[in-house]
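K.L.:
Let me begin by handing over the structure; questions about it come next.
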Amino acid sequence: MMEFSSRARHLRLAGDRREPYPHSLQFYQEPPTESISLVEFESFAVDRLRLLKVVENLGVSYVKSGDVYKTKLEAELRRLKFPYRALAEDDYDARRKDHISHFILRLAYCQSEELRRWFLQQEMDLFRYRFHELTDGLRQKFLDHVNLSFEAISEDLKNELANELYMSTPGLSMTKVKEQMFYKVGLSDAVDLFRARRVFIKDGFAFVPVKDIDAIVLNNYRKNLSKALALTARSLPSIQSDERLQPLLNHLSHSYVGPDYSVQKNTGKIALEHIDALSVKSFPLCMRQLHKALRENHHLRHGGRMQYGLFLKGIGLTLEQALEFWKKEFIKGKVDADKFDKGYAYSIRHNYGKEGKRTDYTPYSCMKIIMSNPPSQGDYHGCPFRHSDPELLKQKLQSYKVPPSGVTQILELVKGMHYQLACQKYFELTHDVDDIGFSLNHPNQYFAESQRILSGGREVKKEPNHLGNSQQKINSQESMNSNSTPTTSNMTTDAELEGLEAYFTED
């Protein structure tokens, strides 16, 4: 547990021992055991946030196994002085920074489910890249270091088992079998491969190619980090009682969630009679789908009402407007005015923080929509790029006058599980721009950017150096061989980070 001394302006991490880091890659199983100054605390924390921000941007914009992704991520690791090549044995300072900064952010990002999910995903992507960069020898050393008893088999044994390995490992030619390294793994660690009949079994062991050992190691890392985040969250009460530490951690965690769109400058400036037109011009496909279903059916189920209602709140509808909007539509269907007032009106007031616990609910981010509460039969909420049948999605895009070439591009992105990039491509095609110049992570961000473009108040700019045109990115990469996981809001700028740095320097 962390102890914080405001008098000494030092953060104390229990214990007082220093040990060298034997590997540039780690599972972060042991917390730091030294005292660090607040200057280092600030520097390490902000730099890791910068790094994870880049990991997030690259992950949503490039195929993670591609050369461009790897090149740009290595460049950022170099710039921020984190370990970037496991070949370097004289990078003690970088390894120390990597270790301590991970634990600082673990404290900051254990405080809610969404924060934990975001942190876990970025750390997983960072670990995946760094594990892939290990040489065969260093990979074996690392596996031994983290007590994963995966032993690389000898060339003689591999040649002896070549036919069995070839027959039992889909996707590998005999030439690939002879080129790849195989590991001898206990069945308990290879159960998924065994169930899928994708691995050779002999004498109670699975013989796993290096391409699949990655997935097993990553799964171990995910389980360890998920458990660690949950345990850290349980210690929050003692951390929150520290008047100096808790504000620091709150600033860190809020720096990368991005705008929550709970308070809008244009509150009350959206006229109800304009919503139909806005849904065509400036709503993301998920909200356009919900609006259309509401107009046609005069009803939405709870999931749809929550997703769409909070979005409308975020674009500026007041509570009074929301009550009028939903009531007018529902009484066109099977709900009379009295039933609406007694039942549905309460949940609308609840969303605006006027009922129950008085929580002022915020609009859903892309990540929340994609990752939670998938729609069932009769539902219209969710992400159309994630949850729609590809053929139905194709028909919908065609009905919205998306050109055939654009439909093909979007469906290719969906096939590769690049759901947010598919939405970005939809934005570009419906707004006639080549590159939207930002990473799309929130339906209300989509609406705000659309309104800026349509009002002539925003010049479409290119992404910063580490980002480029989304279609060029995908076309220049090979097919994706691992899940592309959606991300949370991605809008924090360098200026905001500078503001965070300024906060740390205040007395």
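Just so you know, glycine gets a Cβ as well, placed from its N, Cα and C.
Below, the features straight out of TrEMBL:
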DOMAIN    277-447  domain 'DNA primase large subunit C-terminal'
BINDING   Cys286, Cys366, Cys383, Cys423  [4Fe-4S] cluster binding site
REGION    461-507  region 'Disordered'
COMPBIAS  467-478  compositional bias 'Polar residues'
COMPBIAS  479-493  compositional bias 'Low complexity'
COMPBIAS  495-507  compositional bias 'Acidic residues'
K.L.:
Would you mind checking how many other C-beta atoms are within 10 angstroms of the C-beta on Cys286 ([4Fe-4S] cluster binding site)?
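P.N.:
For Cys286 ([4Fe-4S] cluster binding site), the count of other Cβ atoms within 10 Å is 27.
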K.L.:
Near the Cβ of Cys383 ([4Fe-4S] cluster binding site), how many other Cβ atoms are there if near means within 10 Å?
P.N.:
27
K.L.:
Measure from the Cβ of Cys366 ([4Fe-4S] cluster binding site) and count the other Cβ atoms within 10 Å, all protein chains considered.
P.N.:
27
K.L.:
State the mean pLDDT for the domain 'DNA primase large subunit C-terminal' (277-447).
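P.N.:
Summing pLDDT over the domain 'DNA primase large subunit C-terminal' (277-447) and dividing by its length gives 92.
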K.L.:
Around Cys423 ([4Fe-4S] cluster binding site), how many other CB atoms lie within 10 A of its CB?
P.N.:
27
K.L.:
For the recorded [4Fe-4S] cluster site formed by Cys286, Cys366, Cys383, Cys423, which further same-chain residues have Cβ atoms within 8 Å of the site's Cβ center?
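P.N.:
Same chain, not in Cys286, Cys366, Cys383, Cys423, Cβ within 8 Å: Pro284, Leu285, Ile369, Ile370, Pro384, Phe385, Arg386, Tyr419, Gln420, Pro443.
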